[in-house]
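Under the heading transmembrane segment, TrEMBL lists B:79-103, B:115-139, B:146-166, B:178-199, B:206-224, B:230-248, B:255-272, B:278-297.
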Amino acid sequence: MQEPTLLLLTALADEPRHGYALMQEVAEISNGRVRLRTGTLYGALERLQREGMVRVEREEVVDGRARKVYALADQGASALAEETARIRAVALEAERRLALRPRLKGVTA
Amino acid sequence: MTNEQTTETPGLLRVALRTYPRASRGGHAQELAAIYAEATAGQGRIAAAGEALDVAGHGLRLRCGLGGGGRADEIVARAVPLAVTLTATQGVAYAVALAVMLLDAPEFAHLGTANQLVLVADAGATVVWLAVLGLLLAGRTGAARILGTLGTLAQLPVVLAALPGLDLGRADAVGGALLPSLFVWLLLLAAPRDILATVEPRDRRLMGGVALFALVPYALMLLVHYPHLMMLYVSFVWFLPVGAALALARRHSTVPAALGVAAVVGVLRFGLPELADLTSARTVAFAVLALAAVTLARRLDLRNRRRNPDRTPVGS
């Protein structure tokens, strides 16, 4: 799973959000490293909808403008859970191996 | 969804929305306007222009048939690092030949200003594409796009300025120095940023394979001393992956298609100039235009069939 996709699905994991809120969430989750612009975000949301990962929860009108509120679909939740498990497994293994380093140094010193 | 809601659309966004296909513009406009308005609230004109440019990029992708229900987006995104690798590797091989030539200063001076300009433009493009490759591997897609754009736009006037002074080998100059850069640049712009953002390990392995494949002809040239035979091989071997990609186009495999798209770089650099030498530049240009027209007609036909599925012939 590409990082922007992971970030978007993560941003939708707890509650449905509209487009701009997703932009802000993605920037916050990635510590400002990934900033999705309007066209990129919209294209990504369209693709994720086609793939069944994201669905439109509802449409609302705010300040005279119609906007969609997106939610994580079941397929998206499953994909996110799988990716999270994969990342967690790698992180745990990395931590385990890093924890071995000082002891190895002690043995060789 | 009333018309009143769209009357507040800012000018920059209105221009950007014009890039969308007319049939689907209305469907996109409301949501894009809502996101754009919030994203640019309190921002300066530069930030607003950046957002509008990004919207226009999405619209152009849709207009080019990307971003639809097919695999085109994924194929283009996977082809970008491969095409950049191929053009950079071929450029490096060319730059090595140039460096050898530079060791013999009188020979380089004998080339004349126009040829020197083309060689310098090619060497400069190689440096740019190597840097773009590094940026892509680092996940800096935006910077890669900016550098690719600046590099290609800088290369364009140099090659065009050199063309009148070239007595022979104009097709080689355009094909070797300019067309690959233009093609890879367009590919870089066409790929959706969210998919292009990460070059995965499998893509890195493919990139290594592409680099090796690009160097094979040069290695063979050192070993096999049949210049004409080798020239034909180097020129036309690139049609094979393109042909294979077209043959496998209906299968749901992205990698061969991406490799085929990337191989177009080799076709442009070696295949078309050689064809132009064997026939004439006009014949090749006509053939390319005819091929483009057939492809466009097929795309339009497919689009019409999708819009009017009832008209699809039985058994097709």
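Even glycines carry a Cβ here, placed using N, Cα and C.
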Quiz item: Are the transmembrane segment (B:79-103) and the transmembrane segment (B:178-199) close, by which I mean at least 3 Cβ pairs under 8 Å that are 6+ residues apart in sequence?
Solution: yes
Quiz prompt | Distant-in-sequence neighbours of the transmembrane segment (B:146-166), which means Cβ under 8 A and at least six residues beyond its ends | solution = 112-115, 117-118, 120-121, 124-125, 128-129, 131-132, 135, 173-174, 177-178, 181-182, 184-185, 188-189
Quiz item: Of the stretches B:178-199, B:230-248, B:255-272, B:278-297, which racks up the most C-beta pairs under 8 Å with the transmembrane segment (B:115-139)?
Solution: B:178-199
Exercise. Establish whether the number of Cβ pairs under 8 Å between the transmembrane segment (B:178-199) and the transmembrane segment (B:255-272) reaches at least three, counting only pairs separated by 6 or more residues.
Key: yes
Quiz item: Is the transmembrane segment (B:230-248) packed against any residues at least 6 beyond its ends, judged by a Cβ distance under 8 Å, and which are they?
Solution: 217, 220-221, 224, 256-257, 259-267, 269-271, 273-275
Practice problem: For the transmembrane segment (B:255-272), could you work out the same-chain residues 6 or more beyond its ends whose Cβ comes under 8 Å from its Cβ atoms? | Solution: 71, 75-76, 78-79, 82-83, 85-87, 90, 171, 175-176, 179-180, 183-184, 187, 206, 210, 214, 234-246, 248-249, 284, 288
